[in-house]
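J.: When I checked TrEMBL for this same protein, it listed these features:
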type	residues	note
REGION	1-32	region 'Disordered'
COMPBIAS	1-22	compositional bias 'Low complexity'
TRANSMEM	42-61	transmembrane segment
TRANSMEM	81-104	transmembrane segment
TRANSMEM	116-136	transmembrane segment
TRANSMEM	178-197	transmembrane segment
TRANSMEM	217-239	transmembrane segment
TRANSMEM	251-276	transmembrane segment
TRANSMEM	337-357	transmembrane segment
Amino acid sequence: MADDSIISAPADAAEATPSTPDGGSKGDGHDKPKPWFKRLSLTTWIFIALILGVLAGMALQGAPEIADTYIKPFGTIFLNLIKMIVVPLVLFSIIAGVVSLDDVKKVGAIGGKTVLFYLATTACAVTLGLIFANVMNVGAGYTMPSGELSYEATEPPSLIDTIVNMFPSNFFQPMADATMLQVIVIAVVFGFGMIAAGKKAEPVIKICNAMSDVCIAIMRGIILVAPFGVFGLICPVIANNGIDVLRPLLWLIVVAYLAMICQIVLVYSGIIKVFARMNPLKFLRGEMPVMGFAFASASSMGTLPINMECTEKMGVSKEVTSFVLPLGATINMDGTAIYQGVCAIFIAQVFGIDLSIGQQLTIVMTAVLASIGTAGVPGSGMIMLAMVLQSVGLPVEGVALVAGVDRILDMMRTTVNVTGDAAVATCVDAMQKRAAARKARKAEKAAA
Ligand code: ASP
């Protein structure tokens, strides 16, 4: 997949630059000049669509039903397409990833490291979110009238239940319901099954590999229409709520963005430096196109093919990317975890509720679990926020407070989500390579 770039714009043919994911050209310099609309990269088109969507939304504020009737369907179709492809994409790419590791020990080593990194970075993320929200008083100056304080403490969902529910009793149900954790378990179990069956499983392995490529090709197609989808999503939001919806929540956005930027600058740069022994700036530069696309599309799943491509370009092996990145796009959502922590404090402060340290620790735990269960499509983190609020008995209606600015938060949290996946893939790959080199040296010594 590294051979042709998904978001590469066939930029200026005369420049004759090699293909790059941020808009290079594959032309040899003698091609006919491309039409003007093809000279801009897809990322640029998505940003243009975003701005046009906001402007159209402002223009339609007097008649939001026009936006709801004629423009929103484009956004809904775009989201439906992403949701439709998510299950097969995850199923086949994880099966293909597991099988590509062909010996079970390797799956164990890569899988174990990956999950540990994912859990640790997510725990750091939600802690950072809570620190920023508390220190910067995210909900200050915005109080709900006390009469509206109607909430009851609810039991947090138990950890055991969450773990038990990861294992499906039926093969098809999780696919139909898009229960992603269960789909992942099915994919890993079948991947192991194929490795164990050896030669007999070869035909089905070929089919799974081919299906994984088919799903990625479809995803690329869906990404191509993303500008229409983004326009269709943002326009009705602005038409219905007005641009003012952004103002009172500005501080929430500032705090969440700062915490998320910190996650990238401190946590990811830190693990890249320590575990991958790589210059963090080089990593961030290589990830730029991925971040741009994630920011504009607000979908980790949609960004997955580009993330695989850019991470492989930085030297990470396909073996690792094809396992670690699809898994990350499904279970590793650090930006979402930060958002959930910050929003929980915001809602608590707005409702005038003091959260104890114990309650804040519960937020850390449930936000980690909630982010694991969040699908990599726009808006899903907000739905999981309800679960976090419930875990400490905060009013679920608080979700409505932040809903108006969810898109803006979603763009940044998705950017963090995908960068976290790539950072972990880069670290795991470097550690695997070092382990292999050590093994080879040992073998050499033993032979000598
Ligand atoms: N949109 C995010 C993603 O795709 C998930 C979320 O809503 O938090 O990564």
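Cβ atoms here come from the backbone N, Cα and C positions, even for glycine.
Whatever TrEMBL says is automated annotation, not expert-curated.
Tell me what's around each of these sites.
T.: If one looks beyond the transmembrane segment (42-61) by at least 6 residues along the same chain, the residues whose Cβ comes under 8 Å of a Cβ in the stretch are 6-7, 9, 22-23, 67, 71, 223-224, 226-228, 230-239, 242-243, 289, 292-293, 296-297.
Cβ atoms under 8 Å from those of the transmembrane segment (81-104) belong to residues 110, 175, 178, 180, 183-184, 186-188, 190-192, 194-196, 205, 208-209, 211-212, 215-216, 218-219, 222, 225, 299, 301-302, 304, 318-319, 322-324, 326-327, 329-330, 375-378 of the same chain, restricted to positions at least 6 beyond its ends.
For the transmembrane segment (116-136), the list of distant contacts is 251, 254-256, 258-259, 262-263, 266-268, 271, 327-328, 331-335, 337-342, 344-346, 360, 363-364, 367-368, 371-372, 416, 420, 423-424, 427-428: same-chain residues at least six beyond its ends, Cβ to Cβ under 8 Å.
Tertiary neighbourhood of the transmembrane segment (217-239): same-chain residues 6-7, 42, 45-46, 48-50, 52-54, 56-58, 60-61, 63-64, 66-68, 71-79, 81-82, 85, 89, 245, 293, 296-297, 301-302, 304-306, 378, 404, 407, selected by CB-CB distance under 8 Å and a gap of 6+ residues from either end.
Tertiary neighbourhood of the transmembrane segment (251-276): same-chain residues 117, 121, 124-125, 128-129, 131-133, 136, 138-142, 283-284, 334-335, 338-339, 341-343, 346, 402, 405, 408-409, 412-413, 415-416, 419-420, 423-424, 426-427, 429-431, selected by CB-CB distance under 8 Å and a gap of 6+ residues from either end.
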